[in-house]
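So that you can see what the record holds, here are the features copied from Swiss-Prot:
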type	residues	note
BINDING	GLY34, PRO35, ASN36, GLY37, SER38, GLY39, LYS40, SER41	ATP binding site
DOMAIN	2-242	domain 'ABC transporter'
Amino acid sequence: MIEAVDICVQRGKKQILKHVDLQAKNGAITVIIGPNGSGKSTFVKALSGEIPYSGKMTLNGHDVTQTKTSKMATMRAVLPQSTTLAFPFLVHEVVELGLSINKFTIAKKQFQNLPQKTLERVGLADYGHRLYHQLSGGEQARVQLARVLCQIWEPICNKIPRWMILDEPIASLDIQHQLVVMNIARNFAHRGGGVLAILHDLNLAAHYADKMILLKQGKVYCEGSASTVLTTQNLRDVYSCSLNVSELPQADIPFILPQTAQPLMK
């Protein structure tokens, strides 16, 4: 489980996160949504140990600030919003970083084919010897997902709870590969892993999320099922635009359509 209690993040004079409390459970997909600047990525950076914060954050019962980075790396893998790398890595070298973090070696029989298998899962089977920095943004995001899958090799999930932390994993992808990524996340959760994802596509979020957390101006505005969170009034209040929310036929899943492209006048 991921548990955050009274999390605050300050950047200069501006408070980015304001007393955030939230929980995300293993075996489920928890999706954080909210407008740009609401604190979504800041929360992920705090959870990843990239930025300081006040309050308490635990992952599988381990305090994020008190646990060695090497230990945390065995329990969670992060797909960051930016997938740019400064060095001229080959694609297979980027993917193999996931194995090195967990102190696995490519020479071990059970792991030697894992990087290639994960590239196949994300639709990049023939990309292993291409230069990473020459790929498109969407291709780089899929390579990073392959790295994440290597780092939290799924069959281990039932012995050591593992987490995927995904910061806008589908932002640069076409619809085909958006579904590939989200189905990988769903399968990972079904196998006992935990998924915490930031998404901007509210309709895909509604389809895949077991729990949704809506942020507004650094605070948790509401949380719960998609039907609870994605109401016309909630979205109007948080996003300041007119949206119509209905339900998909034969499914208890909200579906969102714009009523107008113009922002509400205040």
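Backbone N, Cα and C define each Cβ position, glycine as well.
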Of these binding-site residues, PRO35, GLY37, GLY39, which scores lowest on Cβ atoms within 10 Å?
GLY37
Would you list, in sequence order, the residues of this chain other than GLY34, PRO35, ASN36, GLY37, SER38, GLY39, LYS40, SER41 that have their CB within 8 A of the centroid of the site's CB atoms, where the site is the one recorded for ATP?
THR42, LEU215
